[in-house]
Amino acid sequence: MSARLLQVAALALCLAVPLVPGLPSFWITLLNYIGLYAMVTLGLVVLTGVGGMTSFGQAMFVGFGAYTTAIATTRYGLSPWLTLPLAMLTTGFCAWIIGVVTLRLSGHYLPLGTIAWNVALFFIFGNLDFFARYDGISGIPPLTIGSIVFSDGASMYYLIWLTLAVMIIATQNLLASRVGRAIRALRGGVIAAEAFGVDTARAKMLAFIYAALLAAVSGWLYAHLQRAVNPTPFNLSASIEYLLMAVVGGAGSVWGAILGAGLVTVVRDQLQDILPRLLGAQGNFETIAFGIILVAILQTAREGLWPHIAQLASWVKPAGRSHAAAGALAPCGRPEPQAAAPLLEVVGLRKVFGGLVAVNDVSFAVDRGEIVGLIGPNGAGKSTTFDLITGISPPTAGEIRFGGEAIAGERSRAVARRGIARTFQHVRLVPSMSVIENVALGAHLRGRAGALAGITRLDQAEERRIFAEAARQLGRVGLGEMADRPATSLALGQQRIVEIARALCLDPVLLLLDEPAAGLRHREKAELAELLRRLKGEGLSILLVEHDMDFVMGLTDRLVVMEFGTKLAEGDPATVRANPAVIDAYLGGVT
Amino acid sequence: MDLSILLILVQDGVINGAIYALLALSLVLVFTVTRVIFIPQGEFVSFGALTLAFLERGQAPGTLWLLVGLGVAAAIFELMGARRQLTPRLVARILAVDMALPIAISALTLWLAPQKLGVVVQVLLALAIITPIGAYLYRVAYQPLAGASVLVLLIASIGVHLALTGLGLVFFGAEGSRTDGFSSAMFDMGQLMVSGQSLWIVGITLGLVGALAAFFELTLLGKALRATAVNRLGARLVGIAPALSGAIAFTLAAFLGALSGVLVSPITTIYYDTGFIVGLKGFVAAIIAGLASYPLAGAAAIVVGIIEALSSYWASAFKEVIVFLVIIPVLLWRSWRAPVIEEEE
């Protein structure tokens, strides 16, 4: 049974629920709320589970949606169908403002900032005449389509669950798209993603606004279901509850969101019945259970309950993807480096960390079609030099010229756009993505599809080309068989090779490889050397850091030797090997 | 508005600010040592104040249940965690710290509470009941998550906050309480009447800030805490147990929270959920200080208190709005200075 078929069956089952004879209308009401909550939780899946950020302000976004339609329909007589885009626009704009202020900061400022916003907004809703203070706004008209009036629970049920179904599909499409890969790279892959041209700040903002928009639609539906709004359902506790749903269900998958919304809603309903009777007093005692459940889930099943349920259903085949050739992917649009100057020229490069001079006035050059090795003992400043060239950190002083143009201090995104691709000494693959998805991230700059194209699957032609290219590069490095395996299931040496495939996906002019042969077996090293020679033959220039001397000596045209941040020697392998200073550095003065 | 009103407002602001300062300091302490963003800090304020209120009425507070319950849970976690290397001495120590201690405090409270022995005894009892809860809470809720990301720890904090607020309602009911206070003296200082209680608050805050500074600068334990804050792994390699540092940080946080509650309860009515909003104002100050600097957090807390007092005069309905939105310009400013790319853990 395929996953796609299962999804269709689940949808059909959902649509049949209200038709069950004798079903208490109370259950329909509960299901309506589950649907509304699941929409908000779905947003948290993208934001928290996938993007690794979190917000305690989702209820506030629901409130924006609900109040927008409440005010526009009751005071200005607007049609509810007109207020839907209005609600999304208002909420999206507010989310953008909040995002601008907090998203650039490290992870915990977003939740703290949204707590403050949510608390403040609750008091604004409750104290301004414009929002009818704590009394709220009533008399909101029901939704209508022609002569159909969505005035009761059962009719709203269809609207809510159909909307939810659309949102699930949209979210799955988004996450599978080019933009989705950028969002998924936020967790554990920011530096690598930036090095391949992904604007991670933009990806963060996109995830945040997307989550807010889902909440806004939920609020819009809520207002027309309740036909009245007041500030209470949009307070901080509600935001906390949405996060609880995401964590309990499992924020890593869209189904976890629905499971979490369902479980929390049903359990709360039961506890609100039982606990006050048990304790002999009125109050929201269910928060005690919720709090304990939340901590217990984090301690014992941090990914939530859904992955455990999904494991039981391992007979469901994942929807397979074929990476068949689908036309060539356009090369990265960029000006070709000028022919006259050396391809890469580093002059007087210097980097100081506090009192430590990590790179001390180093100069060297890489010509077209040349393989240059950067060698030296540990701590010589080789990886730091790579970081400076690729814009991961700015140099303290010195010049870096690429095709004659100064690039020192450019961000790593801009450097990638020039056609400089790299691998990392400490492998930086996105753990939650498959091998081929990681490689496809390398082709980010060669695609154009945005979030909307991704959601509507209008990007499919381009996606096929991107994946065909990724598959081609994987085949080139000899890992074609591994395409659909989780990236972290590969041996470390193979993960380095995957990074090379990812770098090749950028269609680079210059390739920077940081210890590519580490962790490879003898035969694999020979194959890697063969591959690099072939790439050189195709006109690619390569700068590599490596400790394996046999590998370096046989492969490179020239060597640059560094020690303690300073360039010690430069020349062809044979000359360098005979250089007394180099021997001294490597053998520690034993001659 | 004339000068005398301004002076009164500023005085109010400084008094509240002093309370926020205590909370902000413990938030910075807990965050730097354990990376936990300690949302439930405010619950200790409510618990401290209402425990004292119950003791003043000669009743045993419900927080005794929490003390003993969490103590037992901590003992179970501790015994399970160390089940492979249990020695009689270790078992005895665990049972003494996690079970005998809370039971002894409870017995003492049950014996002393009906006797109404005066404010000093009651305050000490209230602090003795609440303070160990911090350590047990760390053991049960946070220590199993010690390696998790800041985000996971924050979500756990929210869970703890939910549970403690609900328990507060069970223990103390929905009605608020006010306590008698340390001093009913009033001093006439020109245009300003200064209450003895407010002098106590400001005095104790200043004293504690000094004591904390001395603790971190001068004692080995304080230095160990700072070392853990900078680098957990490094601290562990040189023989500092992160679990111990965490327990100490949380004990201090519970103590400071309960003390804030005890200090503030004579000047304002405290409900079971008041602490949360008070704690969040401590957070505003701590965030302004980047969750890193003690002096900055203390100063920011005083500013927050004064802003709150002034806005309660001009726009009382929007008091909370103004206080919480103070952090926006601060976040904006920090945002501008933030590095371009930042990788989390």
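Sequential numbering from 1, following the chain as shown.
Cβ from N, Cα, C; glycine included.
Feature list (source: TrEMBL):
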TRANSMEM  B:20-42  transmembrane segment
TRANSMEM  B:62-82  transmembrane segment
TRANSMEM  B:94-113  transmembrane segment
TRANSMEM  B:119-138  transmembrane segment
TRANSMEM  B:150-174  transmembrane segment
TRANSMEM  B:194-216  transmembrane segment
TRANSMEM  B:237-263  transmembrane segment
TRANSMEM  B:283-310  transmembrane segment
TRANSMEM  B:317-336  transmembrane segment
Count the Cβ pairs between the transmembrane segment (B:119-138) and the transmembrane segment (B:194-216) that lie under 8 angstroms and are 6 or more residues apart in sequence, then report whether there are at least 3. no
Between B:20-42, B:62-82, B:150-174, B:283-310, who has the most Cβ pairs under 8 Å to the transmembrane segment (B:237-263)? B:20-42
Please work out whether the transmembrane segment (B:150-174) lies in contact with the transmembrane segment (B:283-310), by counting C-beta pairs under 8 angstroms that are 6 or more apart in sequence and asking whether there are at least 3. no
Using a Cβ-Cβ cut-off of under 8 Å, list the residues of the same chain that are 6+ residues beyond the ends of the transmembrane segment (B:20-42) and lie near it. 137-138, 142, 146, 150, 153-154, 156-158, 160-161, 164, 205, 208-209, 212, 225-226, 228-229, 242, 245-246, 248-250, 252-253, 256-257, 259-260, 263, 274-286, 289, 291-294, 297-298, 300-302, 304-305
